[in-house]
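So that you can see what the record holds, here are the features copied from TrEMBL:
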- 1-49: region 'Disordered' (REGION)
- 152-170: transmembrane segment (TRANSMEM)
- 190-207: transmembrane segment (TRANSMEM)
- 219-239: transmembrane segment (TRANSMEM)
- 245-264: transmembrane segment (TRANSMEM)
- 285-304: transmembrane segment (TRANSMEM)
Amino acid sequence: MHPAGAAAAGTPRQPSKRRIPVAQPGMSDPHQLFDDTSSAQSRGYGAQRAPGGLGYPAASASPQEAFLADPVSNMAMAYGSSLAAQGKELVDKNIDRFIPVTKLKYYFAVDTMYVGKKLGLLFFPYLHQDWEVQYQQDTPVAPRFDVNAPDLYIPAMAFITYVLVAGLALGTQDSRFSPDLLGLQASSALAWLTLEVLAILLSLYLVTVNTDLTTIDLVAFLGYKYVGMIGGVLMGLLFGKIGYYLVLGWCCVSIFVFMIRTLRLKILAEAAAEGVPVRGARNQLRMYLTMAVAAAQPLLMYWLTFHLVR
């Protein structure tokens, strides 16, 4: 073995040194394959163009300039806005032909004081003396100013509450409640109300009664019976059948008196204004019609609630 070879074997091999080029200022990295263009904006290549430059409309451009910049889209927007305005105007003109929105607003013009007085009148009509509806320039005043005026707020709320109370009553009975029964109760009550209104309108036509009693007035007057029905069912849930029959009986008599004193001003008073004799045949028919409408309310109140109390 040669001494030179032994010396080479005993001495560790030093790694070879490579000359790394030093990047000069302003030059790219020598190891980078592609140039870095992320700082192009600093060199002005990707800088945002000034307003009003090529491809960017001026921020303060006038409507005429904006229209000229894109006439097709602006014309389409103008045409669509015109169609929408015409459609809204057409609906506003013809909606009263199908849904008397203006009249419905009158029947919902109530406040808390009116609701309290009206509920007291429904439960205690015997204490009320003046049943005349007040008018202002041949137009009845809003319900909130006259407790005798009919409204739709109390009948609507009473109808919804009746359906909920009926569901509560059926839920307390063993294996009798199901969600379908709520719909059945609501549809049954609504069907009876519709049948009542149609029967009264037909009767008024056959008796040839000239009255200002409208269909909405009939719905309002016939819907007041749901207030007594709610009271009867709640008392039945709290005190059993005795409480149900006592409260429902009181409410039935109250609604009978209320309907007689209210409808006679709408039906019989018109006959007196027309000069019809009090004991005439037509006036007798009108009186019988008034009695029949009032007597039907207690019967329906019992029919729609007796199965809810066990």
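The backbone N, Cα and C atoms fix where each Cβ goes, and this holds for glycine too.
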Top stretch among 152-170, 190-207, 245-264 for CB pairs under 8 A with the transmembrane segment (219-239)?
152-170
Intrachain residues whose Cβ lies under 8 Å of the transmembrane segment (190-207), provided they are six or more past its termini:
159, 213, 215, 218-219, 222-223, 267, 282, 285-286, 289, 292-293, 296, 300, 303-304
Using a Cβ cut-off under 8 Å, which residues of the same chain at least 6 positions beyond either end of the transmembrane segment (245-264) come close to it?
121-126, 128, 131, 148, 213, 221, 224-225, 227-229, 231-232, 234-236, 287, 290-291, 293-295, 297-298, 301-302, 305
